[in-house]
Amino acid sequence: MQRPRCPPPATRAAGLSTGTGSGGAPSSECPAITTPPRPCPETSGGTAPRPGPDTTSCACGGSAGARAPGSASPQGASVPASDTPAPFGTAPVPTGVELLDRTSLSNRYLQVDALRLRVERFDGDTGPEIRREIVHRGHAAALLPYDPERDRVVLLQQFRPGLWDAGLPAWDIEIVAGIVDGSDTPEVTVLRECREECGLEARDLVRLACYLPSPGFSTETVSLFLGRVDSARAGGLFGVPEEGEDIRAFAVDAAEFVRAALAGATRNATALIAAQWLALNHAALREGRWPGAASDPPVFL
């Protein structure tokens, strides 16, 4: 079967215009705020151990040792009620989960388990038996490569079979991202992926967020970072041929990325989260304030 042709460059197809300037005035649509972020909550577990991929380097804090006492890794025991975050009030949060059965459905590229559970309800009673399927995909890290000298970000475009199978445009706009391998940290992962996917060296990493893209059926976490790059020679075709990667990298003005992403130019959730963070913090970055500097909180958002 002949491979479908790649659509026109993303600078046209997705409504993105390549930046050519070396700076520019801060956008009035991108105000910065200075309240620190709410910590990403730890993942609570069940009453029985849950086998799955190693998670020591992909917790929201970066490593298992960074978790708060009494909290659990994605494969640990349930979190005590006193440790359960309650950011929107003091109402008690259920913590009881009874694992009745776990059956492995697949253990190839993706590990898939079928679970039978009983879960404590908000009224204190135990709910009926429920059946769920859980995907253990591993964990990922992503990077927004930003050039403060030129006020540009470096974006990627590559084929995604999930989009194609859903009948959507299959070459989407993304940022740097990859799977956390073995004992690597998320930081090591994004530095490696930045070299492989766009040929750039990133530095001054700042963790912006940690989240689960699909907690209803997957244990995967994504750690999102901001990194400083030099985009003077950004652009070209990259990827690891042995892995079937064919990636186009290109640089655009930061404000144009925000405008286009929030207008629907990408369906990639990580790119959208990065664009929203940039929208809130663009003015501060243009003032020369890099998150994590001594005079600033770790992140502005």
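Heads up, the Cβ atoms here are built off N, Cα and C, so glycines get one too.
Annotation source TrEMBL lists region 'Disordered' at 1-93.
Look at TrEMBL and you will find 59-82 tagged as compositional bias 'Low complexity'.
The domain 'Nudix hydrolase' annotation in TrEMBL covers 136-279.
Annotated Mg(2+) binding site per TrEMBL: ALA177, GLU193, GLU197, GLU245, in sequence order. All protein chains included, GLU197 (Mg(2+) binding site) registers 26 other Cβ atoms within 10 Å of its own Cβ.
Under the heading motif 'Nudix box', TrEMBL lists 178-200. Only residues 6 or more beyond the boundaries of the motif 'Nudix box' (178-200), in the same chain, are considered here, and those with a CB under 8 A from a CB of the stretch are 54, 56-58, 62-63, 138-143, 145, 154, 156, 207, 223, 225, 227, 229-231, 234, 236, 238-240, 245, 247, 249.
Cβ neighbour count within 10 Å across all protein chains ranks GLU193 highest among the binding-site residues GLU193, GLU245. Secondary structure from DSSP puts GLU197 (Mg(2+) binding site) in a helix.
Sequence-ordered, the extra residues of this chain that approach the Mg(2+) site, with Cβ no more than 8 Å from the Cβ center of ALA177, GLU193, GLU197, GLU245, are LEU156, VAL176, GLY178, CYS194, GLU196, CYS198, PHE238, GLY239, ILE247. Shown for the domain 'Nudix hydrolase' (136-279): DSSP residue counts in helix, strand and coil, namely 44 helix, 52 strand, 48 coil.
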